[in-house]
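Data block below; observations after.
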Amino acid sequence: MPKLRSATTTHGRNMAGARALWRATGMTDQDFGKPIIAVVNSFTQFVPGHVHLKDLGQLVAREIEAAGGVAKEFNTIAVDDGIAMGHGGMLYSLPSRELIADSVEYMVNAHCADAMVCISNCDKITPGMLMAALRINIPVIFVSGGPMEAGKTKLSDQIIKLDLVDAMIQGADPKVSDAQSEQVERSACPTCGSCSGMFTANSMNCLTEALGLSQPGNGSLLATHSDREQLFKLAGQRIVTLAKRWYEQDDASALPRNIATKAAFENAMALDIAMGGSTNTVLHLLAAAQEAGVDFTMADIDRMSRKVPQLCKVAPSTQKYHMEDVHRAGGVVAILGQLEKAGLVHGDTRNVLGTSLVELLAEYDVSRQPSQEVVDFYRAGPAGIRTTKAFSQDCRWPELDLDRAEGCIRSLDNAYSLEGGLAVLAGNLALNGAIVKTAGVDEENLTFRGPARVFESQDTAVAGILDGTVKAGEVVVIRYEGPKGGPGMQEMLYPTTYLKSMGLGKACALITDGRFSGGTSGLSIGHVSPEAASGGTIGLVEDGDIINIDIPARSMVLEVADSVLAARRVAVEARGWKPLDRQRQVSFALRAYAMFATSADKGAVRDRSMLGE
């Protein structure tokens, strides 16, 4: 029978000093021997997805203590990718994932906590906490802050839904008036919560459901809705149950590595492909799998992308549907339900509720005669009131969206495509692969061939797009922006946004060893591996080289003779794999990150082989 980890600090005369300190935090004799559960919060006033989390840690803590545990809360950092976008701040976004994972490990292991509730929400916070949870392998439940309500405004006598990306596009489009740009800006982000489309934050929070580490509705129920309070309360209650299953009953199925198995990672990837999730999720799933000791690679993603259909199109791929609409259609469970009917997910995976996926679908899938309580839960909708407060409204849709032909979530018979919303491309330009969000690519752009226009940084690419250097028909190549070369693998949302604002959104392709925001759409291919700084072929491309992209064939080829590439490689190796004439201040912290960073095909995690592992 495993003993409580916290017993190391609470039992024995030699731990008198530790107990004295625990007493100073409010613990009593009756608490020594109870599981100490870390409430890992991520409240910050910098990020709308986290601004409402301040009191939610204590909400969870009260439930933990009522259920027989001892709750101890601490906070992690949280970077807002939207605010950090387009300047040097974006260099810090992806590295913050590793810092979050390490800080959770440091706190939990230093104080010998027995279990965790992870209160996450935005882009790098959920994956950072997920990496830590699988690394430490003690009972855990994830509960996110929830998505933002979609913005709404009236343009051309029509009410349209908005999000952050709309504000960026309008602001960059010289044809849009100042008044209209400001109107969209003021309407795009109306409430607290993670940005309202199927961007990285919401994609990851949905994937925690498929991994079995969060409760139904975690990824889709609005931050503002009163029903979300119950998710937090239940998380506090259920984590105590999980802790007791492990420490009192020796039930190893309560541990995250026995929940997030290879089959669960395949379920999560199937969900991601079906719902057209952010390409960043590929990075984060690969990284999390390594922490879990699961053999899950780009080859698995490529295999699955060829057989899992795309069942959803959500913003930024369309303005029609946002996360509030996904929830109305039954949320993650409804998508998994469609995949389960086709045999595309593993029904025997387990979850933090203690059930199998098949059992969870029987109770929560809105297409399988659920209880009225479940129906009402998925009817939770937006109020349209600007607020930064959680649980501040209780509006409900008049009815669910059960239209599986043309609704938000489609059946396999009505899928947008039989091959899903993400694809892995390979070829001499990306020997270890690259990722494209096919859900955001128009059919006419699934194949593209054109001359390269090469930039050594995101900054010069933006300037080249806005000053007219980039022409229709070209393939924009942005390199030395990978995990090592950036460093930090910046998101390229501004280049893709400005291509659209300049009328080039469908006339150009973009290839990079950097990554893309979940808000990106169009023919945008990222995660090119190996990256330029690691000797990848993308570092050998020159202006005018012809690049041939064929998404249906999963190929991306640089049409340059091998002998020419070999000669270029000799020249680049002589000067070093680094950008020419790029002026960028890189801090010591970022240089340290770059030293250990691997390319995107490995999840951009640190290279353990450098430590002799």
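From the backbone N, Cα and C atoms, a Cβ is placed for every residue, glycine too.
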Same Mg(2+) site per Swiss-Prot - residue from Glu491, Glu531, Glu542 joining Asp81, Asp123, Lys124: Glu491
Distance, Glu491 (Mg(2+) binding site) to Cys195 ([2Fe-2S] cluster binding site) (CA atoms, angstrom): 16
Secondary-structure category, per DSSP, in which Asp81 (Mg(2+) binding site) falls: helix
Ser517 (active site, proton acceptor) to Glu491 (Mg(2+) binding site) - Cα separation in whole Å: 5
Residues close to Mg(2+) site centre defined by Asp81, Asp123, Lys124, Glu491, Cβ within 8 Å: Val79, Ala84, Met90, Ser93, Leu94, Cys122, Thr200, Ala201, Asn280, Ser517
Intrachain C-beta neighbours of Glu491 (Mg(2+) binding site), sequence separation six or more, cut-off 8 angstroms: Asp81, Met85, Met90, Ser93, Asn280, Gly514, Arg515, Phe516, Ser517, Thr520
Number of other Cβ atoms within 10 Å of the Cβ of Asp123 (Mg(2+) binding site) across all protein chains: 34
